[in-house]
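Feature list (source: Swiss-Prot):
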- 69, 71, 88, 91: [2Fe-2S] cluster binding site (BINDING)
- 29-137: domain 'Rieske' (DOMAIN)
- 183: site 'Important for catalysis' (SITE)
- 323: site 'Important for catalysis' (SITE)
């Protein structure tokens, strides 16, 4: 992230705002697509309700820009990559990684290139980054106001962890997705977690978790936790896990939230088992994609690792599907009768609204 310039002038404390739900987007980093889906051809996508095209430049850098050519509006996703630029399929105008038109071909051998290039021949681009197997785009201001979260366990080349990426489409608002981790009350009704008690925690001092320093200094860190007292392992693999000696009495969830998502660290009886990155692709109104990357600590031999992958990876993916089913029937900005157990959800909403207020414009 050192190559991404932050807009330091805009990073300052703002009023927290009301604890209401919002369908608006916070200024933050969002996922455009999986890295392995962007190869040597332009890819059509929609972000923030905006038609976009993604492609890789000469250096392999991911570029995301407006999809329709500034000339006559042709679809650049139907074009191709030529000399490190994206070439329009209609008149072969070429745009570089910054969105500037750098070449307009002539009409015959005598006139090989038209000059000068029209001043308005430019494609608006989004700030991009690439990490954790995702292409990210910044939303809300010309320059990023906070960095990507630092998660060494989630780096795809970290051989100490097993990684599982998955995604679900949903019709709910982004806030509903990113606040879900902080809702302790749904653990039993939705996920059948056999809990006898839970404790909600809020953290103001980031220094116990050095990886969040850059987020915290930008005012973009939301620290929280839930400690569940659990009777036994849950789900269809409970019997197998107990047979392997994987019993537990405490499930400790630590959350390093940021405006566009969350990093959850899961420990059982104090032993960290995996980290989960939750992030979102805002597609258009009424359509978003929740992404999750689970990084599971490698322990023991093949059987133990396979069990952990199923228990912490595949079962978590299945559990996420239960949440999505609920979300798809929710009113995105509904509700309002809160209990004391909604404390973390409401605190996160206030944090999130502060970053909604930092959005410079919708474009």
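Positions of Cβ are set from backbone N, Cα and C atoms, glycine also.
Mapped onto this structure are the features recorded in Swiss-Prot.
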| residue | record | DSSP (3 states) |
| --- | --- | --- |
| 69 | [2Fe-2S] cluster binding site | coil |
| 88 | [2Fe-2S] cluster binding site | coil |
| 183 | site 'Important for catalysis' | coil |
| 323 | site 'Important for catalysis' | helix |
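Of all the recorded sites listed (183, 323), 323 sits in the most crowded Cβ setting, with the most other Cβ atoms within 10 Å. In this view, residue 88 ([2Fe-2S] cluster binding site) is surrounded by 25 other Cβ atoms within 10 Å of its Cβ, with every protein chain counted. Nearest Cα neighbour of residue 183 (site 'Important for catalysis') among the listed binding-site residues (69, 71, 88, 91): 69.
Mean per-residue pLDDT, taken over the domain 'Rieske' (29-137), amounts to 94. All protein chains included, residue 71 ([2Fe-2S] cluster binding site) registers 15 other Cβ atoms within 10 Å of its own Cβ.
Residues near residue 69 ([2Fe-2S] cluster binding site) in space but far in sequence (CB under 8 A, at least 6 apart, same chain), listed by position: 75, 76, 88, 90, 93, 123.
In sequence order, 71, 72, 74, 104, 105 make up the list of same-chain residues 6 or more apart from residue 91 ([2Fe-2S] cluster binding site) whose Cβ falls under 8 Å from its Cβ. Neighbours of the [2Fe-2S] cluster site: apart from 69, 71, 88, 91, residues of the same chain with C-beta atoms within 8 angstroms of the site's C-beta centroid are 70, 72, 74, 76, 89, 90, 92, 93. For the domain 'Rieske' (29-137), the DSSP-based tally of helix, strand and coil residues reads 6 helix, 50 strand, 53 coil.
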